[in-house]
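**Student:** Have a look at this one before I ask anything.
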Amino acid sequence: MLKIKLEKTTFENTKAECGLVFIVNKDFSHAWVKNKELLETFKYESEGVFLDQENKILYVGVKEDDVHLLRESACLAVRTLKKLAFKSVKVGVYTCGTHSKDNALLENLKALFLGLKLGLYEYDTFKSNKKESVLKEAIVALELHKPCEKTCANSLEKNAKEALKYAEIMTESLNIVKDLVNTPPMIGTPVYMAEVAQKVAKENHLEIHVHDEKFLEEKKMNAFLAVNKASLGVNPPRLIHLVYKPKKAKKKIALVGKGLTYDCGGLSLKPADYMVTMKADKGGGSAVIGLLNALAKLGVEAEVHGIIGATENMIGPAAYKPDDILISKEGKSIEVRNTDAEGRLVLADCLSYAQDLNPDVIVDFATLTGACVVGLGEFTSAIMGHNEELKNLFETSGLESGELLAKLPFNRHLKKLIESKIADVCNISSSRYGGAITAGLFLNEFIRDEFKDKWLHIDIAGPAYVEKEWDVNSFGASGAGVRACTAFVEELLKKA
């Protein structure tokens, strides 16, 4: 992880092997830009990166005066620098976007520091020739790039320290998630997932309960058990329950995650190409583990329960079948018409378990549907639920954190598509359209009336795992949901 050091000095007087200067909104006039003629000669238009070798300055464009673009550009800068021979880089403090908000400086510093730190991540566990980055340190000169409209310069050091703490916690939490999601299925089993959760629990002094198939049988979590049937003798299921209890808790929050450590589709077998990347089907459960790490280290004033349903969905003589009827923990019967709609079965029982805790808020995270990716693209998560105020709060706070989110509406016509002639509900829609919403409506069937307005469903199927670099995310897992939900919890508690 990149070390960030704060120095109470000017950018010019800060010592480092290389300088990093952001050119915001094509403004080449700033004193930190040392060789304007060189930039003009090469027709650099404030997009991408440009290395001034003579002055040892890396110029990185920030296309617009926007805090999210600053975060992305900071990440791009480190991705570039780690390929070079510099051990240290210096950078000043930038304030992009509006200065009217009281927290504008803090949010800019968070974005800058998080972007710098995330730029170093690369999953290279299985590479025989690892290329370790020479870059080890970023030195931040506590000097503003442009004057602040408020008296924020007086609180610069305080804000920088708070932002650095946030960036360190968030980077660590995101890396926990990314490492777990990226772990291949021959290692990343339900038992392994529980071991990762136990490490997080030990480090943060959390309660943890890891339950096996016998517990699931006792609790009549038959939908969850059905998904695991083909793997039971080799990779049995685990219900992982993490608990963070501060001395003062304003709210009780339950976070529920789908932890499909591998999904071949079961007897409704996926095409071979569609199986590739299915190690990432544990993205929701992994996000919950990362969230418990983040929320505990940030010391939020909420009792937080993290519930992960970890299992494989495989084929074999004992595999559950299309036409099976399962009796869920809630007592509702489920007609199985497609075994590749398995995540919702696991979540149905896990959501029931979560409601037994009587939380004030329930949020589930799942790489649930390909339909969500078709509808919103691979960079955006979907928000569903009944409570408009709660959905709006998650969307607003999540967007401010830098994640992309959009609300999808439930409606009575789509609800009819999961009706069954022979059971209480069918696990797959009778139509090919609206699949992300019908999956959310299926989960809604297992939410008790008293919790309808307390529940949110977040489908992270798009951004949880993308096979290219984008924004501050490296190839593969992104840790989708962690930044957004952390911001959501913080905003929720402000209103408590």
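Glycine too: its Cβ is placed from the backbone N, Cα and C atoms.
Pulled these from Swiss-Prot:
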ACT_SITE  Lys270  active site
ACT_SITE  Arg344  active site
BINDING   Lys258, Asp263, Asp281, Glu342  Mn(2+) 2 binding site
BINDING   Asp263, Asp340, Glu342  Mn(2+) 1 binding site
**Student:** Tell me the Cβ neighbour count for Lys270 (active site), meaning other Cβ atoms within 10 Å of its Cβ, over all protein chains shown.
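**Tutor:** A 10 Å sphere around the Cβ of Lys270 (active site) contains 15 other Cβ atoms.
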**Student:** Cβ within 8 Å of the Mn(2+) 2 site's Cβ centroid: which residues qualify beyond Lys258, Asp263, Asp281, Glu342?
**Tutor:** Val227, Leu260, Met278, Lys282, Thr311, Asn313, Gly343, Val346, Ala366, Thr367
**Student:** Tell me, which recorded positions from Lys270, Asp340, Arg344 are within 10 Å of Asp263 (Mn(2+) 2 binding site) if we use the C-alpha atoms?
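**Tutor:** Correct set: Lys270, Asp340.
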**Student:** Quick one: of Lys258, Lys270, Asp281, which recorded positions lie within 10 angstroms of Asp340 (Mn(2+) 1 binding site), measuring between C-alpha atoms? Sequence order, please.
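**Tutor:** Near Asp340 (Mn(2+) 1 binding site) by Cα: Lys270.
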**Student:** Please tell me which one of the recorded positions listed here (Lys258, Lys270, Asp281) sits closest to Arg344 (active site), measuring Cα to Cα?
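**Tutor:** Answer for the nearest of the recorded positions: Lys258.
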**Student:** If one measures from the C-alpha of Asp281 (Mn(2+) 2 binding site) to the C-alpha of Lys270 (active site), what distance in angstrom results, rounded to a whole number?
**Tutor:** 13
**Student:** Taking DSSP three-state, what's Lys270 (active site) in: helix, strand or coil?
**Tutor:** coil
**Student:** Taking just the CA atoms, what is the gap between Lys258 (Mn(2+) 2 binding site) and Lys270 (active site) in Å?
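**Tutor:** Checking the Cα atoms of Lys258 (Mn(2+) 2 binding site) and Lys270 (active site) gives a distance of 19 Å.
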**Student:** What does DSSP say about Asp263 (Mn(2+) 2 binding site): helix, strand or coil?
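**Tutor:** Assignment for Asp263 (Mn(2+) 2 binding site) reads strand.
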